[in-house]
Each structure stands twice: as structure tokens, then as C-alpha cells.
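K.L.:
Residues annotated as transmembrane segment in TrEMBL: A:36-60, A:80-101, A:113-133, A:160-182, A:221-240, A:260-279, A:300-322, A:342-360, A:367-392, A:412-433.
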Amino acid sequence: MQVTSSVREPLITGGKTLKDVTHDISRQVEGKPSMAWLLALLVSVGVLVLGGLALVATLWEGIGMWGLNKTIGWAWDITNFVWWVGIGHAGTLISAVLLLFRQKWRMAINRAAEAMTIFAVICAAMFPIIHMGRPWLGAYWALPLPNTFGSLWVNFNSPLLWDVFAISTYFSVSLVFWYIGLIPDFATIRDRATGIRKAIYGALAFGWDGAAKTWSRYESVALILAGLATPLVLSVHTIVSFDFATSVIPGWHTTIFPPYFVAGAIFSGFAMVLTLMIITRKVFKLEDYITIVHIELMNIVIIITGSIVGIAYITEFFIAWYSGVAAEQYAFVNRAFGPYWWAYWSMMTCNVISPQLFWIKKIRTSIVATFILSIVVNIGMWFERFVIIVTSLHRDFLPSSWAMFSPTWSDIGVYLFTFGLFFTLFLLFAKFFPVINMAEVKSIVKSSSEKVNK
Amino acid sequence: MKENKKTYWKGLEELTNDESFVRNAEREFPEGPSNLDGSSRRDFLKVMGFSLAAASLAACEAPVRKAIPYVNKPVDINPSIPNYYASTFASGGDYASIVVKTREGRPIKIDGNELSPITKGGTNAIVEASVLSLYDKQRLSDPYINGEKSEWAALDAEVKSKLASAGSVKVITNTIISPSTEKALAEFSAAFGGAEVITYDPVSSYGITKAAEMTYGSAILPTYDFSKATVIVSFGADFLGTWISPIEFAKQYVQGRKITKEKPVMSRHFQFESNLSLTGANADYRTPIKPSQSGLAILALYNAVAKQAGATTVSAPAVEVEYLEKAAKELWANRGKSIVVSGSNDPNVQVVINAINDLLENNGVTVDFSRPSHFRKGDDAKMNQFVTDLKGGRVGAVVFFNCNPVYDYVKGAEIAESISKAKVSIATNGTMDETASLVQYVAPDHHYLESWNDFNPRKGEYSLSQPTISPLFNTRQAQESFLVWAGISTNYYDYLQENWRSSLMGTQSEISNFQEFWDRSLFNGVYSTPSTSSAISGNADVAVAASAVAKSYKADNAGVELAVYTKVGIGNGSHSNNPWLQEMSDPISKATWDNYLTVSQKWANEHGLKMVEGATRKAKITVGDKSLIVPVLVQPGQAQGTVGLALGYGRSKAGRVANGLGVNAYDLLDSSKGFVNFDVTEGVSVELLTDTYKIAQTQTHHTYMGREFVIQEATLADYKQDASAGRYKPQIYKEGEFVKPSKISLWKGHQYSQHHWGLAIDMNSCIGCGACTVACQVENNVSVVGKQEVLNRREMAWIRIDRYYSSPEGASSNKELEQAADNPEVTFQPMMCQHCNNAPCETVCPVAATTHSSEGLNQMTYNRCIGTRYCANNCPYKVRRFNWFKYHDNKDFAAVNVAQNDDLGKMVLNPDVTVRARGVIEKCSMCVQRIQSGKLTAKKEGRKVQDGDINTACATACPTDAIVFGDMNDPNSKITQMLKIQEDTISAVKEVNEERAYHVLEEINVSPNVWYFTKIRNKDKSEA
């Protein structure tokens, strides 16, 4: 039995009972899809299809459809990849790290955040494959599979290979973690459903019987998976950052990257969770479960990680100056004052300056301000990756090869495709899966709801 | 159990041990089927298994279409073994002695012929690329009569009868350096009542020949020898790039530019010119002058020299030209071993040049009129007269012998209008070009690789060309056409041989058998008669010439002046339908696929034009009543008040590749003074338009930002003090001391127990001509991607020449460093895969598609590449190229990438090199196919590979031997000696003792196998 201080803000408002919880959340799954949802799905699928055209064009004609060139071999592709992976991190952080730290406020948001992780990682994982010149081969040649080419193995020195392992591990652990959490809730829906729906949710519930032993095993598994997932929060983006940190290119070859990337990932992940949650709570009328307290707490995480990222940016500059390496110094001056200055200052404004607004309580607890800033942060984090990748590559060692990058419709289309995919998946999830972990939330109704304090 | 001692017999036979029983006992079926065929069940299974496997294998094989085997194998054609034939490239007066590599009967590569005393094994871009023109589908495949395909017999009959009654017959030609062709033409001429042969050159040197006539009495070009000159002064003559015989001159020039610690001497080169030419880019002192000043500058030089020589000076308006006094002083100090040349086509100017060289005692040494060269014989005056006659209807018949004056003569438009006034018009041009499309009869000539011919480029020097493939089309050698029309039935080969028998056999006494003499000459490709040089002297009236010059040049012309020039790759435009040449990055502007108006930075600033990433605006240039709209290119080094425009563009009927590219600058030339003037000094106006345009440049950032880790250079004076002058030697702090970067490494390092291939590149020898880039393209089947893809910065070149301008003096901020100086120093740096021993690309490839060989090469396995481009990103030299699209067999690239799309064009592909698929990375392999073949040859011959057995395509093509390839493990190799690798080690990291040698980006210790030698400028003090 946990004791909750009455000083703390309640985590559930509106005097919800256990029955209310079940009803409020199952209602979304059971009811007819709302007009708003259908419209949103239509838009998402539309974007998916439109973006899909760009994807097909790229796969059919070649990577030349993008704006890349002899100097800049990666641009939007890897920017999007890192961005999506980063977004995924919040889900894992919320469900695993906060679980281990016994942060109960996570309970209302972890389901959706984990779903976001899964979908973001799916979007992210697409890019390393489609950015290949020959994805039809690369998709499996990048795996250490036994083969008939003699003793031909992958190159274990390559950070790209480490990515393959990092992302696939991350995806599998996140998926299992998410799904295990869903099982009791599927059982709840199954128990309320009839007909074909009962059969489907019954199958999804894996025969959950709600016995004490089952609950005990469920909690053990959740804890073990949380333990497994926690290092992944740190390792995945660390490994992603190795793609750059282990290279020789000025602006990439930076030892600060691992912590800086992890902080950035959490930063952008929380921003994305906020964006999605603010819409979900509104659309599904879940204001009592996802309260202003949640939003404020997430905003605090954003201030912290945003500040870490800001310090990292400044440290990079200091180190470039302190190193005395001319090419390195130029790379950083060029970031801020070169032809891509606008990308750099967009990044600085969005990532370093705008989150500082959250020091003000009024902004921190304002839904509208939070929503806007969460989008601003995600724009900023996209620019961060763009700045690192493109402005470092476009002017490296030999001035003869300096070039500019400008995106083509295919670059934009493929990015849109992932947006379409992400939102389509998220909307399907929001409609057909319980968006809040009912079982977990019920466990705090008695201790942390508004009713308890009154 | 009790042991059974009884023996049971199967029958009486066994008991008796019958012989037949013993024989049959082993068999499965003592009698019956197995006796019939003598094979066992096992044999049956074996046979069945084999046939099954064979049948299924055969079924898997791809269908073979039209593969016709030789019934009897030709003696000298072995599949996969190349044959080499000595031959000659000649296009008008552009000349190179070459060796043609053929594979299975197809010419695929052209190398220089080292036996030639003229070109000495050098080539240039045009020569290298000419092999693709052979497979150009736009070549005419049949003779044409009035635009209709016809037969040779019909054409000959009509031509013969019409010519006989045509009256005055004129043959128009570019310079002919073939004695047998001249003889054939003479026969033709005789047959048709003394038909006149009129020679003109698109890029004329009439001024020089005319001046020679005025000075020495005969209209000839002298033999220039830049190797003997310690002071070189050139007024607008781009002798390293395009002027007269650039391969020869580059070979000579560089002899004075190669320096070592033991011999720290080099020639000093002054260049006075308007456009920044390749030659100007290599000069030690370069002064931009206006074309209108050039004559006066030459007079001033004459006066300065005459003063010191005590000769009479001439009166000339004063002109302020920087470094002119200095040049005069040094010329005088080095008289007898200096040279003064001018690119001017004004005979009076050339008379003064002759006088200067006479005063300097250079005549007979560096400028030798006693050994005339035959590269340019064009007579502008006669050609002008011809146009007048043609217009006046006084020409009965005109035969255009492989020339295209409608396009490349200043009065081309007038010729085009009046061709119909001649009763008969004939062309022997190989394509339906601007001229051929206007004539009645086209009798297409062979490509030179299909032809027999001889050449006499210089007095006493001969060379031969021989067919390397049987004619692809129903064409006929033009010389043979002339013979046929003249009623001579000998074929040209016999005619040629007969001519050699009668005129050259007697010039030697070594060989008495003509066949042997012929075979040897053909094998060598060249033949020299013993030199019989007689001094030539003469004296033109300098004062008369000087006063003419003084009158026609001005010291302070306020108007804009146009200096028309030729590009290294495109030349006079006759080869412009060759995509390799179009995509070749211009050595100076780095632009492809276009010509453009070059303007000075000052002019651009004044007009608010800023060129970023090739984006520019168009301008309207008007000369008299003609105007052209052409994009503007900001060119540092362009003389103030001048603009430059290249010839060779604006073709309308060159073919699919060149049609519609750029504008035709021939239209703007001035012929009012009796010669074709390539400098238009009056009546020029330039108006900048608002229309935007993009010029496809392969390099858009032009300075090296003061980065010593890229470009290391010094002045000769400093070099003499300290052989490592200009070297940047990064030191890295490690455990209490500063050490060389190579002393700190993550890697264990490679050991090369056999060979250790490397390249040494002398930036002092490299003149930037780009012959290597085209040679590489040919050798390695590098795709052409077209203008749009170059604009997208996706050219595929495996080797490029980085051209850097110096920043203005005192520039320190990044912004200032990005600007080129107004008259910059230029540095050329050939850049290809550096084959790093600690290669950053190798570690990052996820599938190990790029790996290190046991001989120091960084290898690329196309089959394994999945195209992540990580290697290209991580390459600090940015030499890796990605196949963004499928460039072969793709209609989107068919128009430009002829060699990989067209069924005929594909014949030029090198079968030893894979054509890369879409989605893979490619890059310089250090010609690994040549290395393998050299090693195999040595193995077959049971010996070690010797230095010189193997050479890369770039090093072979280089006319200045700036690129040296070799085995750094071989103590006797040239590269080992150049680099002074003393330690006998098989380690990848070699101890190099040559002070000038350095690695680009040494401080990141990727440990390249390519070494660069510092650029040394022969200046008194360093200046920007």
C-alpha cells in the first residue's frame, strides 16, 4: 500500500471510480468512430498515399530523385531517421525509466507514449533501408546472416551495423513491452464485448484470466522488461550518434555526441508525446486522466533536456575553438554564419531559447502554449539533425568539393510518407486499442485521484 | 555353439574353381543385361547424373544472340588480350602521335606514342576522347546526293561529269599536314583544270605565317622549343592549352618546371593576356592586359630589349604594363635561352615578335624558322577572297574537304547563303554538319581510326596512321574520293605506300627493302629523316610594322573589348559532339556543357552580379550589328574592361550531343583588317539582362581558404634556402612531446609483402590541362551524366583537377578568404582516391564492400555495395561517386551517356572494367585492371614486375609527367626515388625523405598512398 501525500496534485480528476475508468477508456474502443477521427484518418491516409508516390519514385528511379550530391551523401533521409528514432525515446523513458523510479504520473500516458515509440521506430527504421542505393539487397545484406558467398560477413567496425543491432533490439523490446502491457486491457474489452469483437480481443488478450498468479507474473515481466528497456534509452541514441562521432568529418567527429544525442532524443520525444497527448485527451475527452499535472511534469523534462542540449551546442563551439583544428573551427563558424545560418539559428531558437519559456509557470501549465512549443521543439530537433548532417558535410576539408543541398519533391514526399504512416498507425491505435493503461490507472484511483484527497 | 567346419559349395563350378565361374562370381548379374553394354549400374547412374546436371546447366544459360565464332582465329586476335597499333591523330593541324589499344578488334583507348619526337607520348583531352567519335551514330553511313541517301557509284559518276564542266573548282580545307593527301589533291587539281586548294584554319595562325613571310621570306610556322627557354614571355598565347601544338609545348615547358633539391632551377614565365588561360594560370608573373594594349605592350618590350641591345628603338605610344620592364630585363639577361611568343593573329605584331626574338638571339634556338612546322597553313586572305568569289558567283564548283566553314569561319553565314551559287558543291565531311547539309554531294570520309594516312607535322618528321577497325559505315576515305574523281584507280593505301617509296625511302640508308622500311615505320608510327637544317635569316622593316601596330592599338581604350578564346576540351568545335569533351570540366572555369561570357570580378561587382553555385544572369553582347545572348561567368584574372567568349559552341548540326549548347562566337570575330582577328576591340557592348541562368560547374568554391593542409606552396627563392619551404608540418601532442600525426594511430597498420602501389603528383608539373580526367573516363567506363546532373553536383569523374585561386593579399576572415584575388595565383591539384592505408571509408561500410588490398589499394567491390553512401560522406577528399541513377541503358541518359546506351557507342567500353549498376559507389581503383594485367604478363614471362610495366591511365595521358605511378616497395622504381624512400620496409607507412612531398590532410593521418609535391613559383617574393 503506497501512501500519497495530500500536498501533491491529484493525478486523476473528476472523481473517477474504477468503473468510470473502464467505461471512459473502453468507450472509445467500443463506440462508432467519430467524425473527427474519420477525417483525421482520411488526411493521414491521404498523406501516406501522396508521400508513397515519392517513395515509389525513389525506389523505382534511384536515390537521384533526392537532392543529394557528390558532397552531401545524406540529408533528409538520415535527418528524418535520427529525428524519428529520437522521438521514440520518450515512450521508453516514460514506461521504463519512470516505472523503475515509481513515477505514478506516467501511468496515464505510458500506453500512448509507447505506441508512439513503436510507430516512430517503424518510421525511423524505414530510412536506413530506403536510403540505400540497393535496398533490395541491403535490407538483408546488412544482417549477419550465413550465406553462400564464402566467409563473407558484415563489417562489425561499421557504426551503421551497430545501428542495425541497436534499432532492431530497441524495436523488439519496445514492442514486447507495449504488448504485454496491453494484455489485461484487451481482456477487459473482451469481457465487455460480444460477437466477433469478443473473439478478436479474446485472441489479442492471450487468454488472460485475471488470476492473482497471472497478475503477479504480469508485473514481474513488466519489471524485467523495464530493466531491459532502460539501458536502451541510453544506448540506442548513443549508437546512432556514433554514426557521426566515429567519422573524420569536422562537425561529426565529436565525442560529446552520445550524451548530447540522448538528451536531444528525450527532449524531442517528450515534445512529441505532448503534441499527441494534447490532441488525444481533447478528442477522446480524457482530460481527467491526462491532467495539467502531467503536462507540467513533461514540460519540466523539456526544460531540463533542452538546457542540456543548449549547453552541448555551446560546448561544441568551445571545443572547436580550443582544439585549434582549423577545419573543425571553420565547420562551426560555418554552421552559425555560413550559407545554412538559417538552419542553425532555427535550431538555436527552437531548441535552446523557446523551452526556456517553460520556466514561467503560466506557460508551463497552458495547454495552448505547450502545444505550440511542443511543435516548435520538434521543428528545432529536426533542424538540429539537419544542421549536424548537412552543414558539416557541405563544407568539409577540401573547398573544391563544397556544395549546397536543396531538397526535391521526393525528399519532402518521403518525409511526408512517414508522417502519414505514423499518424495512420497512431489513429488506428487510438481507436482500436485502449489509449490509457486501464489496469495501471485503476491502481492509483484509490491513492492519487481527486476523490481521495477530498 | 559348435563351430561348423563344413564347406558348402554353390555348385560344381565353385568346387572346381572354374575360370569362367571366378570371372562371373564378382558380378551382380552373372549373365544378362550387364554383359551387353559393358557398363555397370554405377556407370549408368554417373552418366545419368551428369547428363541431368549438364542439361539443367545448359538450360540455365542466358540465350546467346548472334555470337558468331571465328571459323579460323585471326593470328593476332586473342580474346581478352589487347593489341596496340601506332597511329596518328590529326584534325586539321591539331596533331598527336598515338598508340591505339584495340580489344577483339575494337579500338577502345588512345595513348600517346612515346617514340614521337614531337608529342613524346603526351595526349590531350581531345585526342583521348576522339575514340568515342568513331562510334558516333551521327556519322554519315552512306554518301548523299541532294540530301538523299545514295550509292558511291552514282555519286562518283555525277561528281565526275559535273566537275568536268563546272569551270573554276575550289577545294576548301583546313590545314593538311599529310604529304600524300596533298599529292592526291594535286592530282585532283590537275584533273580539273588547276583547281585551287584554299586552306583556312578555324583558329588561325595566319599572323605568324604571314609575318614569317614578311621577315624571312616564306610563310611558315617556326618550331618552338620551350624546353630551352629559361625566360618565357607570352602575349596571349595559350601554348599549354590550345595554341598550335599544346601537347608538344607542354612536354617542353615542363622540362623547365621540374625541380629538385639538387637542381633548384626553373624557368620563369611571364604572361600578358586578357582572359585567364591555362597558360596564364601556370605563369609566375601574369599581367592582365586589354587586347587593344597588347600590340603596344609588345612594342614596349621591343623598345626595352632594343635599348639594352643597342638597336634602334621604334616610336610607340607609352603603355603601362606591370612586369613588362622586369620581363625585358630578364629576357636580355637570358638572351639565347629565352622565348617570346604572341597569340595575336596580326602579322605586324608577329613581325615585331620575330624582331624581338632576333634581338634576343633566340632565332634558331627556341624559335627555329629553319625547321618549319606545318600545324597551321591557313591563309585568311585567300579564304576571304574565296568568300568574295563565291558571293560573286565566280566559283563553279566547291569541294569542302573535311572542313565546316559555314560554322567555323567568320563569314560562315555568307558562305551558307552563297553555296548555291556554285554549280557544284561537294563535302567530304563525316557528318551532316552545317556545311555538309548545304551541299549537293556528301562523300563522307572515314573516321581517322579507320583510315590510312601519313603526316609531316614538321620538316623531317613523319608519321603514319593506320586503320584499327574496318569501316563501320559505307564511307570512303576522302583522299580516295579525290583520286577516284581525278580518274586514278589506285587505292589510297597503295598510293600512300608508293609515295613513301618514292619520296622517303631514299632519305635513309639503313634499310634497303622498302617493305621492311614501311613495316618499321608503321610499327613505330613515326619516322624522322636525318635533319638538314639550314639557318634562316631575314629582316622585315620593324619600323613599318611598328608604326602599323602603333596605329591600330591604343593604350587607353575606354570601351569593352571581346577576347575570343578556345577551350581546352572543345577547341575549335569540330569535336564538340563528343559527350566526354562536353562534360570535361574546363581547367579554369570548371564549367561544363556551355560557353559563357567571362567577366572580371570588378565588372560583376559594378553590375551587382554575384555568382553563387553556378547561378548567374544572361547578358547581351553586341558586336557591330550582331548580338548574342549568353550567360555570364565571373572570372578572376579577367582583364578589366574585357570579356571573353569561347569558340566551339552554338553548333546547330553537330549532332545530338552538341546541338544547341552555347552560342557561336565565330560570328563575332573581326575580319576587317585582312586577317581573322580573335580580339574585337571596337564596337563591343555588353548589357546585363535580368534573365537568370545556371552554368554547370564541377567546382563552385574557388579558393582554398588559406588551408595549408590542402595546398602547400613556396617561391623558388624560399625553396633554394630551404627545400621544405612552404611545407605545413602538423605536430600532435602526445605524452610530453610533439610528434608527427603518423606516429599516433588506432590501427595496427598494414604490411605489404609484395607490391605497394602509390602515386606521386608534382603540383609544379601539373598544368591542369585535364587530359588525365578524360583518359580516366575512357579507361574506366565512367558515366557521362549530362548538364542537369552536373548542376546537381553529381558528375562521376574518378579524377578531378581542383583549381584554386589565391585569396586577396591580407585576407583573413572567412568571407575575405572565400573571394578570389582580382588577378589570382592559380594552383592545380589533381585529386583522386588517395588509397588511404587507414581508410575512413573502409571502416564505415556496413557490408565490407570497400576493403584494403594486400598491395595498398583501397578496393571497391561493386557487387557487394548496398549504397549507404556512408563511405562517401566519410571520405575527407570527397572522391567517391554514387550511381544516383541507372546511367546505362536508360533512355533518360541516352542522349549524353552515349558510350553506355547506344549499341554502337557501347563498343568503346573497356571490357576489363565493370559498368556500374545504379545504387553503388564507385571511385578510382588506381587502374587495378592494368595492375592485374601487368602482373599476369610478368608472371607468364616468369619475371618480377618491373617499374614501367604498369601505368595508370591518368599517368599515361599526362603530357607533363606530373603523375607518377609505381611500386613503393621497389627500391628501383621511379616513385621510390622521387619520394626518396630509403628504408627498406614492407610497412604501409613509408619514411619519405623528399622535402617537397606531402600528404593532403596529413593531420588526420588517414595515411594516403598518394603524395603531392609542393607547388613552387619562380617569383622573387611571394605575393597574391
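Yeah, the Cβs are placed from backbone N, Cα and C, and that goes for glycine too.
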K.L.:
So which of A:36-60, A:80-101, A:300-322, A:342-360 is most in touch with the transmembrane segment (A:260-279), counting Cβ pairs under 8 Å?
P.N.:
A:80-101
K.L.:
Short question: most Cβ pairs under 8 Å with the transmembrane segment (A:113-133), which of A:36-60, A:80-101, A:300-322, A:342-360, A:412-433?
P.N.:
A:80-101
K.L.:
Count the Cβ pairs between the transmembrane segment (A:367-392) and the transmembrane segment (A:160-182) that lie under 8 angstroms and are 6 or more residues apart in sequence, then report whether there are at least 3.
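P.N.:
Answer no, regions not in contact.
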K.L.:
Is the count of Cβ pairs under 8 Å between the transmembrane segment (A:221-240) and the transmembrane segment (A:342-360), pairs 6 or more apart in sequence, 3 or more?
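P.N.:
No; fewer than 3 Cβ pairs under 8 Å.
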K.L.:
Out of A:36-60, A:160-182, A:300-322, A:342-360, A:412-433, what stretch is closest in contact terms to the transmembrane segment (A:80-101), meaning most Cβ pairs under 8 angstroms?
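P.N.:
Of the candidates A:36-60, A:160-182, A:300-322, A:342-360, A:412-433, A:160-182 scores highest.
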K.L.:
Among A:36-60, A:160-182, A:342-360, which stretch has the most Cβ pairs under 8 Å to the transmembrane segment (A:412-433)?
P.N.:
A:36-60
K.L.:
In the same chain, who gets a Cβ under 8 Å from the transmembrane segment (A:300-322) while lying at least 6 residues past its ends?
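P.N.:
Those are 254, 256, 259-260, 263-264, 266-267, 270-271, 274, 328-329, 331-332, 347-348, 351-352, 354-356, 358-359, 364, 373-374, 377, 384, in sequence order.
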K.L.:
What residues elsewhere in the chain lie close to the transmembrane segment (A:160-182), defined as a C-beta under 8 angstroms and at least 6 residues from its ends?
P.N.:
85, 88, 91-92, 95-96, 110-111, 114-115, 117-118, 121-122, 124-125, 128, 142-143, 154, 204, 218, 221-222, 225-226, 228-229, 232, 235-236, 239-240, 242-243, 433-434, 437, 440
